[in-house]
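**Q** In case it's useful when we look at the structure, here is the feature table from Swiss-Prot:
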- C5-C24: disulfide bond (DISULFID)
- C17-C45: disulfide bond (DISULFID)
- C30-C34: disulfide bond (DISULFID)
- C49-C60: disulfide bond (DISULFID)
- C61-C66: disulfide bond (DISULFID)
Amino acid sequence: YTLLCYKTPSPINAETCPPGENLCYTKMWCDAWCSSRGKVVELGCAATCPSKKPYEEVTCCSTDKCNPHPKQRPD
């Protein structure tokens, strides 16, 4: 069984994760354009939940397509 996760960069598609990567993650942080564009969002697959830096928000989940882009409607 392989997991389906959304992956950035655009276009954001759900892709099959490589074997051994059984988590989807969403990572968000502010860059220089945060006030006009909002947070940067990175999506992908992981074997273990990525460690969170002080300025990041990181969430992980383990079901298919459980990490949609916050601004994207789930399909």
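Any Cβ shown, glycine's included, is placed from N, Cα and C.
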**Q** Could you round the CA separation between C49 (disulfide bond) and C66 (disulfide bond) to a whole angstrom and send it over?
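**A** If we compare the Cα positions of C49 (disulfide bond) and C66 (disulfide bond), the gap is 14 Å.
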**Q** Starting from C45 (disulfide bond), work out which of the disulfide-bonded residues listed here (C5, C24, C34, C60) have their Cα within 10 Å, and give them in sequence order.
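**A** Final answer, ordered: C5, C24, C60.
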**Q** Among all chains shown, work out which of the disulfide-bonded residues C17, C61 has the most CB atoms within 10 A of its CB.
**A** C17
**Q** What's the CA-CA gap between C60 (disulfide bond) and C30 (disulfide bond) in angstrom, rounded?
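**A** Checking the Cα atoms of C60 (disulfide bond) and C30 (disulfide bond) gives a distance of 19 Å.
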**Q** Of all the disulfide-bonded residues given, C30, C34, C45, which has the fewest Cβ neighbours within 10 Å once its own Cβ is left out?
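**A** Checked C30, C34, C45; of these disulfide-bonded residues, fewest Cβ neighbours within 10 Å: C34.
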**Q** Through the lens of DSSP with three states only, how would you label C61 (disulfide bond)?
**A** strand
**Q** Can you give me the Cα-Cα distance between C61 (disulfide bond) and C24 (disulfide bond) in Å, rounded to a whole number?
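**A** Cα to Cα, C61 (disulfide bond) and C24 (disulfide bond) are separated by 5 Å.
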**Q** If you measure C34 (disulfide bond) to C5 (disulfide bond) at Cα, how many Å is it?
**A** 25
**Q** With an 8 Å cut-off on Cβ-Cβ distance and a minimum sequence separation of at least 6, pull the same-chain contacts of C24 (disulfide bond), or say none.
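**A** Spatial neighbours, sequence-distant, of C24 (disulfide bond): L3, C5, Y6, C17, L43, G44, C45, A46, C60, C61, S62, T63, K65, C66, N67.
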**Q** Per DSSP, C24 (disulfide bond) is which: helix, strand or coil?
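**A** Reduced to three states, the DSSP call for C24 (disulfide bond) is strand.
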**Q** Relative to the Cβ position of C49 (disulfide bond), how many further Cβ atoms are located within 10 Å?
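**A** Other Cβ atoms within 10 Å of C49 (disulfide bond): 14.
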**Q** Is it possible to get the count of other C-beta atoms within 10 angstroms of the C-beta of C66 (disulfide bond)?
**A** 18
